Amino acid sequence: MGRIIFVSFGLLVVFLSLSGTGADCPSDWSSDEEHCYYVFFLLFTWEEAAKFCTQQANGGHLVSIESVEEAEFVAQLISENIKTSADYVWIGLWNQRKAPYCVSKWTDGSSVIYKNVIERFIKNCFGLEKETNYRTWFNLSCGDDYPFVCKSPA
């Protein structure tokens, strides 16, 4: 009887560990159903932040925002965890200069489906603005230093 309970408990532990309950995310990262997110308060250029995200988690990249729901999730995550007075937070959107026009892409290689951008300047990188509660994307100089959000598959 004790052996059956022990085996049953062991199978339950294995099942729960394989069920994708958020345990698939790196320690201290936040998750939705499919992705893991982390707000880093290191001040990096866009390129440095993009490289850093690839080193933090398997399949990691600067955050791509694919829906209004994900935009709200990311904005809330930043607002709850903000530890700096920076005006912007880097996201993974950037303009690829391909003659004769620009093509906006995410660092994970995906195309832009959902868009909430205000292009005030002729710049190639994008960030979320503090004044809009991190809900609107602005194009910025890629060489500026800001905190950033990384995203990886769960």
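The backbone N, Cα and C atoms fix where each Cβ goes, and this holds for glycine too.
According to Swiss-Prot, the protein carries these features:
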DISULFID  Cys25-Cys36  disulfide bond
DISULFID  Cys53-Cys150  disulfide bond
DISULFID  Cys125-Cys142  disulfide bond
DOMAIN    32-151  domain 'C-type lectin'
CARBOHYD  Asn139  N-linked glycosylation site
SIGNAL    1-23  signal peptide
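Recorded features from Swiss-Prot, shown on the structure.
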residue	record	contacts (Cβ under 8 Å, 6+ apart)
Cys25	disulfide bond	Ser31, Cys36, Ser152, Ala154
Cys53	disulfide bond	Gly60, His61, Leu62, Gly92, Thr107, Phe148, Cys150, Lys151, Ser152
Cys125	disulfide bond	Trp46, Trp90, Leu93, Trp94, Asn95, Asn139, Leu140, Ser141, Cys142
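DSSP gives Cys53 (disulfide bond) a helix state.
Annotation for the recorded positions Cys36, Asn139, Cys142: lowest Cβ count within 10 Å of the residue's own Cβ, Cys142. Sorting each residue of the domain 'C-type lectin' (32-151) by its DSSP state yields 28 helix, 47 strand, 45 coil. Under DSSP, Cys25 (disulfide bond) is assigned to coil, being neither helix nor strand in the three-state scheme.
On the 0 to 100 pLDDT scale, the domain 'C-type lectin' (32-151) averages 91 in the predicted structure.
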